[in-house]
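Here's the structure, in structure tokens; my notes come after.
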Amino acid sequence: MLKSIFAKRFASTGSYPGSTRITLPRRPAKKIQLGKSRPAIYHQFNVKMELSDGSVVIRRSQYPKGEIRLIQDQRNNPLWNPSRDDLVVVDANSGGSLDRFNKRYSSLFSVDSTTPNSSSETVELSEENKKKTQIKKEEKEDVSEKAFGMDDYLSLLDDSEQQIKSGKLASKKRDKK
């Protein structure tokens, strides 16, 4: 009885006469070991990238957008074109909310504090304060450059330090087969 079932099963081709059977290639069926999973395969789209000089390049990207315009790229970046003097680094956030926040609240976080007076006095005081702060900053930079030298780096390599020895070292164990 079983033979007749198997014979009928293997006798049928599974397709109607005249058709060709198409087989798709499959990945080899391997046992996936622990920690050896297959990498994820991501779909990639063809994206037209418009560079800053107007040229268009087609690239493959995972971002599903047809066209992307770049503000700054290798055509107008001073790192890629060191011989061009007309290039300036463009801040992408210059018109953003972070820049507006810095403009509005930068006076709150400044080190120098001034008391509000009449407008003419504040203008004169602010100019004097700016000059004083510039002089102080220059002096601090000079002192900091002179104070820190190669000896400070060598002091980090002091021989009196000892390594802390505690705990057990992990040892590799061979798998028994």
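Quick reminder: no glycine exception, Cβ is built from N, Cα and C everywhere.
Here Swiss-Prot flags 111-123 as compositional bias 'Polar residues'.
If you look up Swiss-Prot, you'll see 127-144 marked as compositional bias 'Basic and acidic residues'.
Under the heading region 'Sufficient for general mitochondrial translation', Swiss-Prot lists 36-118.
The annotation region 'Sufficient for dosage suppression of COX2 mutation' is assigned in Swiss-Prot to 87-177.
The region 'Disordered' annotation in Swiss-Prot covers 111-144.
The transit peptide feature in Swiss-Prot is assigned to 1-14.
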Would you mind splitting the region 'Sufficient for general mitochondrial translation' (36-118) into helix, strand and coil residue counts from DSSP? 9 helix, 15 strand, 59 coil
Can you give me the average pLDDT across the region 'Sufficient for general mitochondrial translation' (36-118), rounded to a whole number? 80
